[in-house]
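Participant: Feature table excerpt (TrEMBL):
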type	residues	note
TRANSMEM	17-36	transmembrane segment
TRANSMEM	42-61	transmembrane segment
DOMAIN	62-114	domain 'HAMP'
DOMAIN	122-348	domain 'Histidine kinase'
REGION	316-395	region 'Disordered'
COMPBIAS	381-395	compositional bias 'Low complexity'
TRANSMEM	412-428	transmembrane segment
TRANSMEM	434-451	transmembrane segment
TRANSMEM	458-475	transmembrane segment
TRANSMEM	481-498	transmembrane segment
TRANSMEM	544-573	transmembrane segment
TRANSMEM	580-602	transmembrane segment
TRANSMEM	622-646	transmembrane segment
TRANSMEM	667-688	transmembrane segment
TRANSMEM	700-718	transmembrane segment
TRANSMEM	739-756	transmembrane segment
Amino acid sequence: MSRTEPLVGLSSIRTRLAVLVGASILVAALVGTVGAQAGVPLWLGLPATIALALVVTRWLATGMTTPLRQMTQAAERMARGDYGARITTTGRDEVGTLARAFTTMARDLQEDEENQRRLVATVAHELRTPLSAQRALLENLVDGVTTPNDAALGSALAQSERLSSLVADLLDLSRPDGGIPLNPSRVMVSDLLESAVHEASLHDREVTLVADVDPLDLTITGDRARLAQVTANLLDNAVRHSPSGGTVTVAARREHDQWSLTVTDEGPGLSPERAEHLFHRFGQGGDEGGGTGLGLAIAAWVADMHGGAIRALTPGPPVAEVRGRPRPSLEAQQSTGARMRMTLPVDPTLSFRDGSFLTSSRTEDTTPVDPTDQEHPMTDSTAVTTAAPAAPPSSLLGRWWPERVTTPRPDLLLAALGVGIVAAILLPDNAIGLGMLIVLACGGLAIWLASPRRAARWSWVAGALALPLALTTVLRDNPGFTFIAVAMAGVLAATSCTDARTVPGIIAAVAAWPFSALRGLPLLDRTIKALARQGRTWSVLRTAAVSLVLLLVFGGLLASADAVLGSWAAALVPELSDMVVFRTFTLVFFTGITLAGLYLSINPPHVESLPRCTARIPLWEWAVPLGFVIAVFVAFIVAQAAAMFGGHDYVLRTTGVTYAESAREGFGQLTVATALVLVLVAAVRAWGRVETTRDHRVMTALNAALCVLTLIVVASALRRMALYQEAFGYTVLRVSVDLFEIWLGLIVLAVLVSLFTPTRRWLGRTVLASAAVVTIVWSVGNTSAWVAEHNIERWEASGTLDERYLASLSDDAVPAIHTSALPEDVKACILRSGRTTEAADDGLPGWNLSRERAEEIRSQYPEPDQCVLSDR
């Protein structure tokens, strides 16, 4: 199995997908079952299970989609005229076959384009020579320098014939795509060669021409005119490259059902590089002899249409030919000059279409290759391996979330693994405390150091706000407070990494953190492979895995067969306890979160470049509904004024409930209404069409009026909750929703101010900073102690106290209860009943200031003999 492409041996994409899905389900089910049996909580086990399943899926899927992504990039390069991309894959499935065919197409297009450019340059040069000679002759005739005699006219005729011959060659070369008219007949080879030799000997060249036919009566089937053209082209090429006094031999031989025509000269011969492109349609064999190379290209496709092939035999290794043929003989390889051999069937099966032979197109072998144990990324035509590419820049994901850093980052992987190891050591079997603070500090410091924006002003502000939020792990004992505070610190970290400023940008930044676990998988792959290439990591892991499997199989069998060996094995083999499983899940969870945050810091998305909403709703369609909402708010405020001036009797007579009960029933609705107003104002500003200054003033006036009325609603909601708490007591939940309503009021006030400012970019960070400050006040400010103090003050004023609720508060409230004016027996009953953890359970990783102070205070109170808590 290949470590880079584990499913490369499967020859079907459907089989690959089936194995991929099955393995993913199996891993997820196995990991989930192990975690559930070990008592791992769902919030920890589910992300770890998904992460491990994704890792296995990603590993198994390696190489399946890479060729498709590379072909997309190569197609974009080809659209710009760059044919140098090469897709190299070892896959045997349909995608691999397509990739190899694509590479063949790209290579052919590149070669044709390069050869065509060379051909155009050569033909232009060849046309310029006779044209220049003709022009000079004509100018001399016009100027009277040359007398128009037979010699001058003969020279002009020779230049014209040379031009005609060159144009004829070009026309012949352009015909194969449409089919070439051929006239097959029985041809005597000896007559064919004698005619060709006689024609070639008419040129005044000091070269001896020899024709050799064996057998002499060799007769074949073919187009005599085209075969004569091929023979003439081969002889002309050999004569031009032969030295003075040399010999050119043209030999015909029959071998079973084929016959060959070999032309040999005594020239300098051919190098393998020249011979490789000698017969290409747009190729050029060289111009040392004064030719263009068109004759050899014509000879190649004429031989091809007769069902044969032509190739050059060189002294070196076998050279490429137009179509694949056997290696040349040893005799041919040892020859000194150039040897051109054409091999044709004696009686070919000729294909016709309307009386014409059909040309055959160039084909390449696209059969699957043997898989190797190496990765094959896309390369260019120079065979230089390129770095694994990021997402195509033309895609939506590539534009919104470009992968700026593509080089492997082992330092980040090791940093995330270090955070996971610290968490696995400190967190399991310990309460939230110092260990959690250390883990958060390590993760936050790693992300801050990796971020290129760490020196920005907002990064320092976010860090200053995140510090007290992280300290809740050691200052407060309420897990709910700690969770929300840590989540708020995570939001601050995400915005500092992505430089989010607006509310949509902040939402996108928060969403980008978990999605970084998917977006960063390619970089994780490259990093792991880079680490593996630095040593024998993969070999060691593979050897260790195989050894472990064999040890478990044979060791288990033999240990179960012998009691003595079984006792030794039981003493030596460590027990896989639930705590080991719990620590493993913790390691995976915190490593994954840190790794996603690190990727977000080095490759942040463009959160501020999200598509903007189009203002398409006309004025009356948004102004009228907004006016109705304003009218409803006005009616509510009038009702509140009536209740305020009418007093308790008016409310009781009108609604049938007391004022306090009415306040409690309406607080939740008012909170939801406040939040919906913010959504409504944002929607109107985003989608409402404003075409004139008057329209802008109308929008500003209506939104401002709605915001002012909403602030009155917020004040009413807070007053309602205050009246209710005075009547029924204070709780952490009621104080929390009070703070949330205050925060909503601050947002409404900020939105009101933004209506009259030229830009709204400051609004998003203002909302986030206010949320962080409110969270700090709520958590670090010790809400539980505040609730306990005010309930005790209420008891002092009214004599009513919910002792059971005080006992249910966290250890944060213990100092407030201890210093209160409650009777000592009541304090002892409340504090002893509220004990949540034993002091012996908290080691150094679980140290918490609030719990330590609570334990010190509880130790001062004896265990009460009889404790009955009231809930009045």
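Easy rule for this one: first residue shown is 1, then count along the chain.
Cβ from N, Cα, C; glycine included.
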Participant: Per the 3+ Cβ pairs under 8 Å rule, pairs at least 6 apart in sequence, do the transmembrane segment (412-428) and the transmembrane segment (544-573) touch?
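Facilitator: These two segments do not touch.
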Participant: Take the transmembrane segment (667-688) and find every residue of the same chain, 6 or more past its ends, with a Cβ under 8 Å from one of its Cβ atoms.
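Facilitator: Sequence-remote neighbours of the transmembrane segment (667-688) are 503, 612-617, 619, 622, 626, 629, 699, 702-703, 706-707, 710, 713-714, 716-717, 720-721, 724, 737, 740-741, 744-745, 747-748, 751.
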Participant: With DSSP helix as H/G/I and strand as E/B, how many residues of the domain 'HAMP' (62-114) fall in helix, strand and coil?
Facilitator: 35 helix, 1 strand, 17 coil
Participant: Would you confirm whether the transmembrane segment (481-498) and the transmembrane segment (42-61) meet the contact rule of 3 or more C-beta pairs below 8 angstroms, pairs 6 or more apart in sequence?
Facilitator: no
Participant: Can you name the far-off residues of the same chain, 6+ from the ends of the transmembrane segment (17-36), with a Cβ under 8 Å from a Cβ of it?
Facilitator: 7, 10, 44-46, 48-50, 52-53, 56-57, 60-61, 64, 581, 585
Participant: Would the transmembrane segment (434-451) and the transmembrane segment (458-475) count as touching if the test is at least 3 Cβ pairs under 8 Å, pairs 6 or more apart?
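Facilitator: These two stretches do touch.
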